[in-house]
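As recorded in TrEMBL:
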DOMAIN    39-137  domain 'Arf-GAP'
DOMAIN    140-241  domain 'PH'
DOMAIN    263-367  domain 'PH'
Amino acid sequence: VFPFASNGMYSIKNLRTKWKEFEKMLRPAEEGHSTLGGDPDWASYTLGVFICLSCSGIHRNIPQVSKVKSVRLDAWEEAQVEFMASHGNDAARATFESKVPSFYYRPTFSDCQVLREQWIRAKYERREFVHPEKQEPYSAGYREGFLWKRGRDNGQFLSRKFVLTEREGALKYFNRSDAKEPKAIMKIEHLNATFQPAKIGHPHGLQVTYLKDNSTRNIFVYHEDGKEIVDWFNALRAARFHYLQVAFPGASDADLVPKLSRNYLKEGYMEKTGPKQTEGFRKRWFTMDDRRLMYFKDPLDAFARGEVFIGSKESGYKVLDGLPPSTQGYHWPHGITIVTPDRKFLFTCETELDQREWVAAFQKVVDRPMLPQEYAVEAHFKHKP
């Protein structure tokens, strides 16, 4: 039995004690957000879940489903505390996440707002993971609709029809809605999708990449409706999941799910020089995508100016701080040298923090042993100077 606070409400201490009595080891708050000290400071007292500050804002946007209070600042009624104690995050997961498809992306605290908001809405507002028939937009194996796509040459966003077909293992888009032939066919085998709101300049901005003649082609799309773009993202993951299940019949879901889509290890500006290291350094936008280091004149270019394959230390790849002593023509002071079996690549960063982050990203790749299929990529890799 817990005493009331003097105002007839449960005190904060009692709320937390009550909570910990029912959940001995406090799990991270809603949507995988760890909070300092392990104590989430917010709670949905209608759903019975503890949440972090970031997710509390999303919960406030669905008041018909979720009503939010601060554990620290608000007064709590006895019945509300009892409700929290008899429910909790584990119980909510058991109910609201009982039928989440393996391929469905579960966001973490570092993901963008649209992913986190749509996950919360899918769970509690639409109850998609309680009623599997509501998952058809991304689980049916076929999807078509219109997305705003950035033009390759003029940079304008125009409405384009997209068709995703699991049976053909392809995503297609058409320049006109009545066009018979697609403008591009992107094979699911080599396709990746990652949210890039800051780079694209839209909160629902999605970057889709695929291989064209062994080079990476970028397309940038968005939809005004958050549910639509997240449904597209999960439909692409579902198609990739289907492809990988066929390609690797013995693999478990746990093996395949990390391969459905990937975020970039690191992106940002560095300076680089050419293979002869005599033409000075030029500022370029770099993207580290798994073992492909790509560089662009502009972050939204369709094709990279060049791509560098970064293998493992067992194959003779190394990452070094600084530049060779004789190097000239650079403007930024913090150098990085990547040694490959064929040549050295020289880069410079504007700040020491940038340099440390890039070195850590490169080192992570170099320290990872290469897979058999990566040797084939290395062999066919065409570097464009």
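Glycine is treated like the rest: Cβ placed from N, Cα and C.
From a predicted model like this one, the values you see are computed outputs, not experimental measurements.
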What counts of helix, strand and coil residues does DSSP assign across the domain 'Arf-GAP' (39-137)?
44 helix, 10 strand, 45 coil
Structural state census, the domain 'PH' (263-367) (DSSP three-state):
19 helix, 41 strand, 45 coil
If you average pLDDT over the domain 'Arf-GAP' (39-137), what do you get?
91
Taking helix as H, G and I and strand as E and B in DSSP, count the residues of the domain 'PH' (140-241) in helix, strand and coil.
23 helix, 46 strand, 33 coil
